[in-house]
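A single structure is presented below for examination.
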Amino acid sequence: FDVNSHTTPCGPVTCSGAQMCEVDKCVCSDLHCKVKCEHGFKKDDNGCEYACICADAPQ
């Protein structure tokens, strides 16, 4: 699953798949799931969590 291929146009900007558009501004999505991830959920460059996508182990 390529998280970078799921983006949303939002006025003059584009939101990542971990964000939603609110009045031409990207904000972290409030979607959650019950998956347990050993290293937490994957985050975008803004710190927003992707729902149900586990983060890789720290290097």
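Cβ from N, Cα, C; glycine included.
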Look at the disulfide annotations in Swiss-Prot and name the partner of Cys10 from this list: Cys21, Cys28.
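Among Cys21, Cys28, the cysteine that Swiss-Prot links to Cys10 by a disulfide bond is Cys21.
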Swiss-Prot pairs Cys48 with one of Cys28, Cys33, Cys37 in a disulfide bond, so which one is it?
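Recorded partner, per Swiss-Prot: Cys28.
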Do you know which of Cys37, Cys52 Swiss-Prot records in a disulfide with Cys54?
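According to Swiss-Prot, the disulfide partner of Cys54 among Cys37, Cys52 is Cys37.
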Rank the disulfide-bonded residues Cys15, Cys37, Cys52, Cys54 by the number of other Cβ atoms within 10 Å of each Cβ and report the first-ranked residue.
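The residue with the most neighbouring Cβ atoms within 10 Å is Cys15.
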For the domain 'Antistasin-like' (28-54), what is the mean per-residue pLDDT, to the nearest integer?
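Mean per-residue confidence for the domain 'Antistasin-like' (28-54): 93 out of 100.
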For the C-alpha pair, I'd like the distance in angstrom between Cys48 (disulfide bond) and Cys15 (disulfide bond), rounded off.
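Cys15 (disulfide bond) has its Cα 11 Å from the Cα of Cys48 (disulfide bond).
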Do you know which of the disulfide-bonded residues Cys10, Cys26, Cys33 has the most other C-beta atoms within 10 angstroms of its C-beta?
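That would be Cys26, with the most Cβ atoms nearby.
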Between the disulfide-bonded residues Cys21, Cys28, Cys48, whose Cβ has more other Cβ atoms within 10 Å than any of the rest?
Cys48
